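Colleague: For reference, the structure I am asking about is given below.
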Amino acid sequence: MNDTITAIATPNINSAISIIRISGPNTYEIVSKITKKEITKTGYTFVKEFIYQNDLIIDEVIILKYVAPKSFTGEDLIEINCHGGVLITNKILDLILESGARLAENGEFTKRAFLNNKLTLRQANSINNLIFSKTDIATNLSSNGIINSNNDFFLDIKEKIFYLIGKIEVNIDYPEYEDVEQVTAKEFNLEVKEIIDKLNKTINDFNKVSYLYNGLNVVIVGKPNVGKSSLLNSLIKKNKAIVSDIKGTTRDLVTESINLEGLLLNFIDTAGIRESKNKIENIGIKKTMASIKEADLILFLIDDSKKIDKKEKEILNLIKNKNYIIVKNKSDLKVNANSELKGISISALKKDVKPLVNEIKTNLKQGDFNIANNLAICSDNELKIIKQVLLVLKKSYANSLSGFPLDLLVEDLKVAYEKICTIMGLSEDLNIIDKMFKNFCLGK
């Protein structure tokens, strides 16, 4: 990190103000060049100066000064607040680059903050989650990850693995000492199995509540022409899907997202499930079946003005082990032909969907919010690493059960240990760190 980086930190659009961020050892020297005035690290924390291109003034800006280590990145850092035209902002950026800085990579400012111990990896990931949050709930969870950055869960896992590695290596290096406690295969298996169980639980917890970050996938299924597209349009209050009396008009999956009291719901209207000789329609039906498997919640829509038929009973059987709500459409006709089925009555045509919205809210488990607030994993990046750790430990556990000597298994433990250290920000493996920060914003 001996070079100086720069990037536009605000959207590259015409606006009132733009911010250009510069960080690194030559920050003050570079800004002094483009202002034709020495910008010192002492004095006021912000100054008003002109930016020059040769001898021509191109903008009057506010310069915010941060001196290492008291900055976001832990380095000398300056933020130039200029007028927000795209042309002028990029002109100033070009001047900074010509004066010795290089364009930052995605997430490089945050990566430097992490490498300079200004942030934990958990805090860095939570900041990225916060930037991309689409609901109040996701924002609150991300903020919680920034504030509560402890690594207690991973510290416990790390220490257990380190303890095992240490005992095995002592046994290998000093077999002649009888007073050194010997690690048995039974002890090894118990310890590793305990770690595997803990990792499985935290992965399951993350998967259970990931919808709070990414949104709940709500799939609308039913026979053709029962009002699925009308229901979708009523829920999202737009005319998104094709509404027609012709069967099979929704041949592909139609997706729209809404913010329901702080929770993101991704509604998917699917092709009607029926026997069809139309190849294109059959593709849509296959996609519907795939969506059902991935759905967090299924809205099974029926026409309640007539009894459900054989095909609808097959659909009901298909989703019986999923999280679903039976939605009885056409309540305005007041027939209620399927009174034996427990469901929510609505009229998609009259946009009377409030009872369904209330049921969806009730369907969400309050306990999930408690799990989310105490998650050990806070990002997909961490999830990927934990899965890698789990894979290595499962391999080691299986090999131990098969009779492998422990000295052959210690290398697997070292791999797992290093990956846990990566999550905690203790790893020197910069390749992994680079990959994690590539998903961040430019200028962040």
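Start at 1 and count along the chain as shown; that gives each residue its number.
For all residues, glycine too, the Cβ spot is worked out from N, Cα and C.
Among the features that Swiss-Prot reports, (6S)-5-formyl-5,6,7,8-tetrahydrofolate binding site is placed at R21, E79, K118, K444. Annotation comment: Swiss-Prot describes 215-365 as domain 'TrmE-type G'. Annotated GTP binding site per Swiss-Prot: 225-230, 244-250, 269-272, in sequence order. As annotated by Swiss-Prot, K(+) binding site applies to N225, S244, I246, T249, with the evidence given as sequence analysis. Among the features that Swiss-Prot reports, Mg(2+) binding site is placed at S229, T250.
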Colleague: How many whole Å apart are the CA atoms of R21 ((6S)-5-formyl-5,6,7,8-tetrahydrofolate binding site) and K228 (GTP binding site)?
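Modeller: About 49 Å separates the two Cα atoms.
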Colleague: Determine, from DSSP, whether S229 (Mg(2+) binding site) sits in helix, strand or coil.
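Modeller: The residue in question, S229 (Mg(2+) binding site), is helix (DSSP, three-state).
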Colleague: Counting across all protein chains shown, how many other Cβ atoms sit within 10 Å of the Cβ of E79 ((6S)-5-formyl-5,6,7,8-tetrahydrofolate binding site)?
Modeller: 19
Colleague: Using Cα coordinates, what distance in whole Å links K228 (GTP binding site) and E79 ((6S)-5-formyl-5,6,7,8-tetrahydrofolate binding site)?
Modeller: 51
Colleague: If one measures from the C-alpha of E79 ((6S)-5-formyl-5,6,7,8-tetrahydrofolate binding site) to the C-alpha of S229 (Mg(2+) binding site), what distance in angstrom results, rounded to a whole number?
Modeller: 49
Colleague: In whole Å, how far does the CA atom of K118 ((6S)-5-formyl-5,6,7,8-tetrahydrofolate binding site) lie from that of S229 (Mg(2+) binding site)?
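Modeller: Cα-Cα distance, K118 ((6S)-5-formyl-5,6,7,8-tetrahydrofolate binding site) to S229 (Mg(2+) binding site): 50 Å.
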Colleague: Would you identify which of the binding-site residues N225, S229 has the most other C-beta atoms lying within 10 angstroms of its C-beta?
Modeller: S229
Colleague: Pick the one among the binding-site residues K118, K228 whose Cβ has the fewest other Cβ atoms within 10 Å in this structure.
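Modeller: Result for the binding-site residues K118, K228: minimum number of other Cβ atoms within 10 Å at K118.
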